[in-house]
Structures are given as structure tokens and as C-alpha cells.
Amino acid sequence: MLKKVRRKNLSIKGLIILYFTILVITIAIVISCTFISNWNGTICDALKNITIDTTNRITSKLVYSDGIPTSGQLGASLLGKMKQQDYSEGKDIELHNNVELILERSVEEQEGYAFIVDKASGGLIATSFSEKSMRESKSINDLENTVFYYAYIKYLNSTKNNFIIRSDKGKLCFDFKEYNNGARKWVIVTAIPLNYLSTIIEESIKWIVIFVIFVVIVSLVVHYYMIKKLFRPLDNLKEVVEQFSRGDLDNRVRTVRDDEIGCLSDTFNQMANTISWLVNGLEDTVSDRTSELEVINSELVVRKNQLQLILDSTAEAIYGIDVNGKCTFCNRSCIELLGYESQEELLGMHMHRLIYGSNNDDIINDEYEKAKVYWENNQSYCKQDVFKKKNGTSFDVEFYSHPQFINGEIVGAVITFMDISERKKNLEKIRYLSNHDSLTGLINRGYFEETLKNYDKTEKLPLSLIFADVNGLKLANDIFGHSSGDLLIKECADVLKNSSRGEDIVARIGGDEFVMILPNTSSEDAKSIMNNIKNSITKININEITSSISLGYDTKVVESQNIKDTMENAENEMYKEKTLTRKSFTVETLTSIFESLHHKNPEIQIHSEGVSSLCEKMGIELGLSDNEVKKIKDAGYYHDIGKIIVCKDILEKEELTESEIRELQQHSVVGYRILNLFDETLDLANGVYSHHERWDGTGYPKGLKGEEIPLVSRIIAITEKYQKWVTDSKLSKSEDISEVLEKIRNESGKKFDPELTEIFIKMIQKNQVKEKKIS
């Protein structure tokens, strides 16, 4: 690399001095030239004036000079003479000499020339010429080829009386004056050489040059000191700058002026302070910047690790490829799903060849080219496919290929994929569940209708349909919970499936409704299947309660029959049977519940029967109708039916925890639900529901007060408490009853209806009196 050589130039100070010197000299020369030019004009004017004055003096001397006749005499003699005889004839020489003497003396001092010309003839009257040839001239024409001739001719041809003409003797200033006397006209000519004033001119020029030199010297001296004073701060600034450039960072410029130089000095000082601060703190700055870079690099490493951690923490597998299909990065999920141990096994590998496990480049290239078409159109490529693991096994995947661009050019792609094997299984499961009942595994109503259409063919005739409805499902759900109801449905579904044959179809088309499609089945065979189903259903026992099912069937025997009609007939037959067996089902169910409850706790049976009897007597004592008495009696018997849900241990315990008490208190609600399910016990439900309400409103389950409590419930409250206290009493019978009655009376107005309490006490006391009389 060539080093640039700087050319040495004059300093600014030198240039200013040089320019100022040139300027001063130029101004002096211009002034001098102007002065000289004006002086020359002035001299010319002066010379002309001198010439004119000389001419005028000549005229005056001709008339008034000493030794010459007086003006009158001279005029009379000289002029008379000149009139009387021609000068050319040479007469009166003395007079002529006198005139020439006047002319010579008039121009002697200026070393000039003078002569008189007769304007009419051109003859020379007198001259001051010293040259003999010119002195002997008689006419102006004799002076041809001389400056005097040319001057005279110029005068005649112009209107000017004076002018300057250059000759071999130098410049001559001519003045012409006409002298008229009668018929004769003279022209007095005076010529003064310019050299007459040369001494004056030379003296003036000398003084002018001295003046110019003096002015230039004074100007330069003054300018030098002004420049020196002006440039002293600049020299100081230059010196400090040079020292600063050599590394001396402590020197500063002393600011002494409040002008541009002072501003420049202050600016330099500020810049120097900044640079000094930066240089002095450079090491700290470099150290700080290095620390910052280390922190940034650490952050980049952390972020890279975090990014890798994020990639590795995603369940979705991710890897990147370049434009050649080679792996550039991958996350942990990708490594694990493909069965590899580390990134190094995948980086730089052709991913299509790995995941498709094929050595056929045509297949690989074909797949890769398909993806590239999407990439080049800036579109993501999505597909479900099968990938190969390292061990050769395959699994279902769904992958997305996202193109990556830099400056508008594709540089590769990022592929995300996940194992959808479980999803496919779930989809199959969903597809299965969309056609099947999730609880029983039987086909659902929608799939049943499609299947029924497929079975409605001639080759399937006779085609029988059995419609089934599980009895007591609501009872099981309401009393024992939906888990018991689900168990009942599954048990019944198993019975239906076990009763079916190879081509038979069993479907659950509702909550408790099932349908069986029996191809090539006659009515007799359908009845036989129904009997088997009923027998098997009765063996199902959920929570010690026997199950039952209502069935109906119909058979399509000819193709012209509508299968919908067959379905409707079978459903109607089922409902007919359900209606006919409703009462027996109610009795059987209630009996089954009580048998289970009494088996769980035999004391409940004794208690229920005693309460029922007391309720009947109370109804009679109140004078109620037979139906009302029967209602109160039955309500007394069923009032604890809800305890079927209560654990046997709780029923047998004397002291209960709060949670056990809450569980026990649910029996009135459950009893209400059970009795509300059957038409035969529907009017007993409210009485059983409220039999634990208190007269003062502190009872349960609703906190009813006073006569808000149904009459049946108020009677049961007194009778069931009396029965319990009598049963639990350890005293003798007479003492026991009187003590119990006293407890009853104490609860009057609090727990029991006061009016009913008094009636009940009187009724018990009256019965005691009767029993004593009988005994």
C-alpha cells in the first residue's frame, strides 16, 4: 500500500501576509498610476495654460514692451509699415528684428518656439527659431515636413486653439491666437516642449515612489504585528494540538479571547477532556465491555440451552433439514421416538432415508420432491405416514414440514411430528363408541337402525324382534346411585348377549331399553328366547334386590311387511306386559327392599310394625276416614324404608359421628324417592319425607314448622319416638310407659304437635286402663 506524501504548503499566516502584501502593493500601484495619470493631465493642462500665457505675453510685449514704441506708435509704425510694404521684400529689418527678439525672449525660459503667420498668405512675419534654415524661411510652407507645419495645418482644419503634438524633439504643446487688424489677419503661434516640466514630473514621481514604499512598509509592519497578535492563540492551539497528537493529553489551550478562536479553543479543550477521559478510562471500558460480552455470551449459551431445553421438553418431535435433506438439529423427543441414543447419530444424516428405511433413492427423492413443491410455494406440508425406528420397527406419525427462508431463499425446513399410534387406536375406539354403547358394548340406536336395514332382507325371514325394558332402573339409580343402575344395565345386557346366537344382534337403544334382531327366527323360537331371558334376569340381585325385565316381540314372516311395523308391534307388546306386571313388580320390589332391610337389621321390622299399629290407632282416635287411617298405617310401616342405603354398622351403633349422622338422616329423602316411584305408594311419600321435622322448625330435611308439617308426618314423629323409647326402656312395663309418656309430654311444643301429643297420651293411658281391666 503506497504511503500518501503530503506536499508542504505555505502556512496560513504566510499566505495571509503574502496576500496582504500583494494587495497593499497593488493598491499602491493603482493609487500611484491614478495619481500620475491625474498629474499628467494636470501637467498637460498647465502646459497648455503656460503656452496660452506665453502667447498672450507675446501679444502684450509687442504692444507694451520697453524699447518698443508705445502702443500707439508701435501700432502706427509697425502696422503701418506692414501694411505699406511686403515683409517678404525684406524692408524695415530693424523692426522685424525687434519682433523676433520679443518672440525669443517670450519662450526663452521654456525653451519653446514662437512665430507669427499671416493667415491669408501663409507668410512668416517673425520667428524665434535658432536654426538657420528655419530662420530663413519666408512662408509656413517652407516649414513643410516639420512639426510646426503639421501643427498649423491641424489648427486650420480644426476648431481647437491648443493641442499637443509628438515630434522628434518630444511632445510640443501648441497654442494659436489670431490677431486681427483691418484686412490683415495674423496668427501668433506658441510651442512649448513638454520637457519643460520633466524636472517637476520626475520630482513628483520620486516623492510618490517614496510615499508608496513608506506606506507599504508601514502597512506590512502593522499587518505583521496584527497577524502575530491574531495568530498567537492559533499558534498556541497548534502547539497544544501537536503535543496532544504526540500523546501529551494533559495540555490544554488557554482561552484569552471571546471570538471564533476562543470558541475553537473551548471546543478543543472539551474534546481533549472527553478523549482524555475515554483514553484514561479505556482499560476500564474495555474490561467492562469484555465483561458485558462475557455476560452476553453466557446469556446466549443459556438461551441456547433454554431453547434446546424447550425443544427437548416438548412432546412433539422436531428436527431440521437443509436443502439437501440432511439433519441440522433435532430435539430429545425426536431422538427417543426414532429409537436413537444421541443427536450425533442423526446430525448430517439424510432424514428421508432414515425414517422411511428404504434404499430406493427413487422413492426417497419422490417424497422429497413433493415436499419441496410445498416449500417453494411457502406452504407447510402436512401428512400422516409411517416412520421407521432405528431397530426397524415402524409407527404411525403425523408430521408437518415448515419451509425456512433467508433473504427470500429457501434454506431448509423444520419438521415436527408425533406418534399417533395411540391416537389412531383412540380414533378406532371413538369410531367403535360412535356405533356402540360405552357401558354395555352393544350397538347403539344409530348403528342398530343401519343394521336393521341390512337385516331386512328376504334371506333373513322369518325375522323376529324382541323389545326389552329393564324394570327398576330408576329405583336402582335413585336409591343406590348410578353405579348400581349401571351394574343392573350391564348384568341385563350380559343376559341378552348370552341368550343371543351367532347372527343375532343385541342393541341398547335407550337408557333401559334393548332390542334383539333375530334373523331366521320363528315366533316360537322368539318366545323360547324370551323365557330364557326372564329366568336369567330373576337371578340378578343388585343390593339384595331382585331384578326383572319386560319383554315384547313380533316376527316379520313375509317381505311385504314393513320392518318398522314389526318394531312398533314388539315395543307395544313390551309396554303391554310392563303395564300388566306393574303392580306385582311394585309389591315384589317393596317386599324385596324390606326383606333386605330386615335382614340387615331385624329390629327395624319390629319397630316398623309397632309404629304402623300406633299410627292406625291414632288415626282412629282422631276420627279419620278408613282411607286416611290406612294411609297413616302404611306410612308408619314404610317410614324407615330409606334406611336400605344406610350401612349395617351405622344401624347397629349407639353413638354416631357427625358424618354417620348425616348419612343416617338421608333415609327420609331416600324413602321419599322409593315411595314416589310407585303409584301405589305415591301418596305416602310426603308423609315419610317429613316425619323427622320438628314442631319448632329445627328438624330435617327442610326445617318445616308447626302445621307446615303434614299431619301424617306429625303422627309418625310421635308414634315412632314412643315406639323407640318403649323398646329401648329397661324399666317395668308400667313404669316404662309412664316414663315414656312423660318424655313425650316434655317434647310437646318443641318436637311434637301439642294437640296431637295430648291426644296420643290420652289414647295410650286409655289403652292401659283397658288392658288392666282385661287382665
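Cβ from N, Cα, C; glycine included.
Unlike curated records, TrEMBL annotations are generated automatically.
The following features are taken from TrEMBL:
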DOMAIN    228-280  domain 'HAMP'
DOMAIN    303-344  domain 'PAS'
DOMAIN    461-590  domain 'GGDEF'
DOMAIN    582-775  domain 'HD-GYP'
TRANSMEM  12-39  transmembrane segment
TRANSMEM  207-227  transmembrane segment
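Residue counts for the domain 'GGDEF' (461-590) under DSSP, split into helix (H, G, I), strand (E, B) and coil, are 68 helix, 32 strand, 30 coil.
Helix, strand and coil counts under DSSP for the domain 'PAS' (303-344) come to 19 helix, 11 strand, 12 coil. Taking DSSP states H, G and I as helix and E and B as strand, the domain 'HAMP' (228-280) has 39 helix, 0 strand, 14 coil.
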